[in-house]
Amino acid sequence: MATLTEPSSSLSFTSSHFSYGSIGSNHFSSSSASNPEVVSLTKLSSNLEQLLSNSDCDYSDAEIIVDGVPVGVHRCILAARSKFFQDLFKKEKKISKTEKPKYQLREMLPYGAVAHEAFLYFLSYIYTGRLKPFPLEVSTCVDPVCSHDCCRPAIDFVVQLMYASSVLQVPELVSSFQRRLCNFVEKTLVENVLPILMVAFNCKLTQLLDQCIERVARSDLYRFCIEKEVPPEVAEKIKQLRLISPQDEETSPKISEKLLERIGKILKALDSDDVELVKLLLTESDITLDQANGLHYSVVYSDPKVVAEILALDMGDVNYRNSRGYTVLHFAAMRREPSIIISLIDKGANASEFTSDGRSAVNILRRLTNPKDYHTKTAKGRESSKARLCIDILEREIRKNPMVLDTPMCSISMPEDLQMRLLYLEKRVGLAQLFFPTEAKVAMDIGNVEGTSEFTGLSPPSSGLTGNLSQVDLNETPHMQTQRLLTRMVALMKTVETGRRFFPYGSEVLDKYMAEYIDDDILDDFHFEKGSTHERRLKRMRYRELKDDVQKAYSKDKESKIARSCLSASSSPSSSSIRDDLHNTT
């Protein structure tokens, strides 16, 4: 299987490098760069690109409407590069010469959807023969700790490109994106495999489909969710594979067929929006709504009004965890429907609870949301981004109750995501100790950090904040290790939240610099003597800028404290008497 950084020479006559969604720039060997043929082809590619990117070169003779936006294209180029377009344009015999023909992209796609950015990326390859870097605003998420190599926006972007490449018949792109998706399957969360499975099924990508089916079959994904999400024949294959290779009974307890049948009836009643039937089935049977995972199922698949009616029955626990360690709010976060989030919070759902791998509902939402949806400013009278609304609602709820952080469930292993989040928090708190020692100590005392053990990573020691295997307790089981690390993470999150609430200016400085220094061991004396002369000079310059910002933040926090002191002084007896005198004179 190809890796994400594998060059694909078949994709580009200019030897473009096709790496992960950051996805690098073009690389040329010295011998290729001096080859006149390669130079000519590179020049041709750049010139053709101008037809797409330069508004002064708008000589298009047709338009393709994508997400309501017309994209100018040149039929001769599309026909030469794609058999689909060649056949499409052959059928057009009577076209008015006074106006450009218009085509709806959604009418070309029998399945799937391709957004505007994905189609422009596809067109760029059609015109230039080169694969450019993925646009970060739609191929990354807004979780600052994520490496973006297998988050949902990264997967969704490649899935869209696969639909476009398959339906519009560009086989070399199909081959390349199939390798990319195969790599995602083993790295991402199992729920993120489902859109990959669907594109593999629709585009008849047998190898990719088999890999997806195998991954889902060996997971603990809920049987009824699988039946809801995938075609019946695929669901049956997954069921048969699970029978052949039974799952671990500790993580997936055995459920009788009779019980499954009763649960199925309850969930079908939810599918039909028949709340009265749901109530009747629950009343007449010995199964509770929690045992059927009814609330989890409803917040994902039911209409928001139906969800509100189900919650009004008060027959389920909104903080109940399913066998995978997800609460109802975690599932609602995947749905990204603000009204459902609010309904759950009104019923007492805890926004600060974690999954077994250390993610809260906000973390889940951020991993699902791309920067375009999160940062785009909505014009007056236009609909806001639902994902952004959900994130704002949950973050406000956490800020209202910053100290309500329950210890999360513990899994038998420590996922990579938990390690990344811990390293981020350790670096942030460590940086706060360097520049705001007094404030950091107060926040750490509130968070009870001293009562937990520092996380320094599990990899062999190399530099900075990496791990030391000699310090590992060999008597500690994986379950104990995960519990210890989750406790540490809760303490660090309490510390950060306390800092945000009571020392806002210092927190703003940390926010600004954490993004820049997240991949550097800044806490190790800033490593001033590492790197080239130019790099060391830049580090010193950035250090001086950081010192200035720290001093400003310290002054602002100090001014805030003085202002609060003055405010409290204004309520003293003497000031009260002055106010009374003024009142009496009036």
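Any Cβ shown, glycine's included, is placed from N, Cα and C.
Among the ranges 138-152, 258-272, 393-407, 438-452, the stretch that Swiss-Prot annotates as zinc finger is 138-152.
Summarised as a single figure, the pLDDT of the repeat 'ANK 3' (324-353) averages 92.
Sequence-distant neighbours of the repeat 'ANK 2' (293-320) (same chain, 6+ residues past either end, Cβ-Cβ under 8 Å): 222, 224-225, 228, 263, 266-267, 270-271, 273, 275, 278-279, 282, 326-329, 331-332, 334-335, 337, 339-340, 343-344, 347-350, 353.
Cβ atoms under 8 Å from those of the repeat 'ANK 3' (324-353) belong to residues 191, 220-222, 295-296, 299-300, 304, 307-308, 311, 316, 318, 359-362, 364-365, 368-369, 386-387, 389-390, 393-394, 397-398, 401, 404-406, 408-409, 411 of the same chain, restricted to positions at least 6 beyond its ends.
Other than the site residues Cys141, Cys146, His148, Cys151, same-chain residues with C-beta atoms no more than 8 angstroms from the centre of those residues' C-beta atoms, the Zn(2+) site, are Thr140, Val142, Asp143, Ser147, Asp149, Cys150, Arg152, Pro153, Ala154, Arg367.
Fewest Cβ neighbours within 10 Å among the binding-site residues His148, Arg428: this applies to His148.
DSSP states for the repeat 'ANK 1' (261-291), grouped as helix (H, G, I), strand (E, B) and coil, give 21 helix, 0 strand, 10 coil. Most Cβ neighbours within 10 Å among the binding-site residues Cys141, Cys146, Cys151: this distinction goes to Cys151. On the backbone, the CA of Arg428 (salicylate binding site) and the CA of Cys146 (Zn(2+) binding site) stand 15 Å apart.
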